[in-house]
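Trainee: Residues or ranges marked as region 'Large ATPase domain (RuvB-L)' in TrEMBL: 1-181. Annotation comment: TrEMBL describes Leu20, Arg21, Gly62, Lys65, Thr66, Thr67, Glu128, Asp129, Phe130, Arg171, Tyr181, Arg218 as ATP binding site. Annotation comment: TrEMBL describes 51-182 as domain 'AAA+ ATPase'. What TrEMBL lists as Mg(2+) binding site is Thr66. Positions annotated as region 'Head domain (RuvB-H)' by TrEMBL: 254-339. Sequence annotations record features per position, and here TrEMBL assigns DNA binding site to Arg309, Arg314.
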Amino acid sequence: MSGELSPQAAPSEQGYEGALRPSTLAEFVGQSKVRSQLGLLLDAATMRQHTPDHILLAGPPGLGKTTLSMIVAAELDKPLHQTSGPAIQHAGDLAAVLSALTPGEVLFVDEIHRMARSAEEMLYLAMEDFKVDIMVGKGAGATSVPLELAPFTLVGATTRAGLLPNPLRDRFGFTAHLEFYSDDELASVVRRAARLLDFGISEQGVEEIARRSRGTPRIANRLLRRVRDYSLVHETPGDTESVHAALALYDVDEHGLDRLDREVLRAVVERFSGGPVGLSTLAVSVGEEAETIEAVVEPFLVRAGLLTRTPRGRVATRLGWEHVGIVPPGAAGGAPALI
Ligand SMILES: Nc1ncnc2c1ncn2[C@@H]1O[C@H](COP(=O)(O)OP(=O)(O)OP(=O)(O)O)[C@@H](O)[C@H]1O
């Protein structure tokens with residue numbers, strides 16, 4: 001198995017990321033509901049010999065959206081064309097991609113919520129009727145020429161499903177909401193990756209990495225690679241001590257919070273007295289993009305019970321205060337106004 005990951009096959013860390021991707025639905029760990037729903041959709045389409053409905057994958061980064069798009073193409077035995085919303089800035093960019101698709105091809109558009117409006121409108125017709133109208137010429141002499149497309153399946157991925165306009169969202173026949181993974185599921189991801197990387201790690205080491213991976217397979221794989229580096233350089237076994245030492249070096253705390261998670265939580269508690277604080281104010285205060293805070297940091301802090309979102313802004317929970325090492329107001333016997 002480690003032959004797949006030989007230096008020739010994967011000369012870089014990015015290569016390892018790709019090599020660790022499961023390539024079938026059966027190998028894909030967790031998300032059991034999504035797996036069965038997707039499996040049924042693909043099986044039925046194969047039996048009918050039709051292209052399946054368009055698929056929208058929604059959820060925080062690193063939960064397997066790109067991996068699932070590759071699996072969809074592999075299960076259908078069709079080629080995959082990958083692009084992303086930010087790469088489609090004009091309707092013409094999309095027309096070029098769509099007109100080059102072969103029958104049954106799977107088109108993966110990552111960050112689909114960031115596609116240009118003009119392209120979105122072209123996509124509606126393409127998704128529904130496998131047609132686009134191409135504008136030829138300029139000004140008063142411009143004419144629209146209809147162009148037939150090969151039937152294709154669009155797999156759109158978004159970290160912010162709420163930003164998709166309704167007409168686009170409605171044209172997907174199936175929407176999968178990916179959830180954070182449980183510690184047990186992440187332990188399976190780590191075990192599988194360790195086997196592929198040919199790295200001997202104790203069961204306690206696996207569980208410790210799983211616990212600190214913010215519910216996210218990409219992070220689990222990344223932490224495993226850092227522990228593997230640590231063991232190699234320090235000539236230590238892949239045990240809990242190596243996991244603790246490596247993760248301490250990379251600022252991952254015992255709950256899996258990284259530097260940015262802690263900074264956001266600390267800002268809410270220390271600078272805004274626990275909140276409520278608005279997203280943009282919070283983003284400025286930690287010097288990060290509001291979108292990163294909303295899509296990457298918050299979902300995990302909310303899930304970990306450290307932060308809540310209220311109509312008036314973000315509020316640190318009692319656990320959140322305790323996590324940054326500050327006694328919440330009212331905790332010593334006063335009237336607690338905390339969640
Ligand atoms: N269910 C899973 N089982 C095993 N490994 C997984 C699973 N999901 C994701 N991974 C691993 O996590 C890594 C990240 O997954 P992927 O790139 O598919 O996430 P993503 O949701 O597309 O993230 P982003 O939105 O940031 O592009 C992959 O390299 C893959 O090895």
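A Cβ is built for glycine as well, from the same backbone N, Cα and C atoms used for every other residue.
Mind running through what each feature is packed against?
Mentor: Here the region 'Large ATPase domain (RuvB-L)' (1-181) has a mean pLDDT of 89 out of 100.
For Tyr181 (ATP binding site), the same-chain residues lying six or more positions away in sequence with a CB closer than 8 A to its CB are Val29, Gly30, Gln31, Leu63, Val189, Ser213, Gly215, Thr216, Pro217, Ala220.
In the three-state DSSP reading, Thr66 (ATP binding site) counts as helix.
Non-local contacts of Arg309 (DNA binding site) by the CB criterion (under 8 A, 6+ apart in sequence, same chain) comprise Glu298, Val302, Val315.
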Trainee: Would you list the DSSP helix, strand and coil counts for the residues of the domain 'AAA+ ATPase' (51-182)?
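Mentor: Helix/strand/coil tally for the domain 'AAA+ ATPase' (51-182): 51 helix, 36 strand, 45 coil.
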Trainee: Which binding-site residues of Glu128, Phe130, Arg314 contact ligand 1 in the sense of C-beta under 6 Å?
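Mentor: With ligand 1 as the reference and 6 Å as the Cβ limit, the list is empty: none.
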Trainee: Roughly how many Å separate the Cα of Arg314 (DNA binding site) from that of Gly62 (ATP binding site), to the nearest whole number?
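Mentor: Checking the Cα atoms of Arg314 (DNA binding site) and Gly62 (ATP binding site) gives a distance of 24 Å.
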Trainee: Which residues, sitting 6 or more apart from Gly62 (ATP binding site) on the same chain, put a CB under 8 Å from its CB?
Mentor: Thr216, Pro217, Arg218, Ile219
Trainee: Tell me whether Arg309 (DNA binding site) sits in a helix, a strand or coil according to DSSP.
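Mentor: Reduced to three states, the DSSP call for Arg309 (DNA binding site) is strand.
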Trainee: In which DSSP state, out of helix, strand and coil, do we find Arg314 (DNA binding site)?
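Mentor: In three-state terms, Arg314 (DNA binding site) counts as strand.
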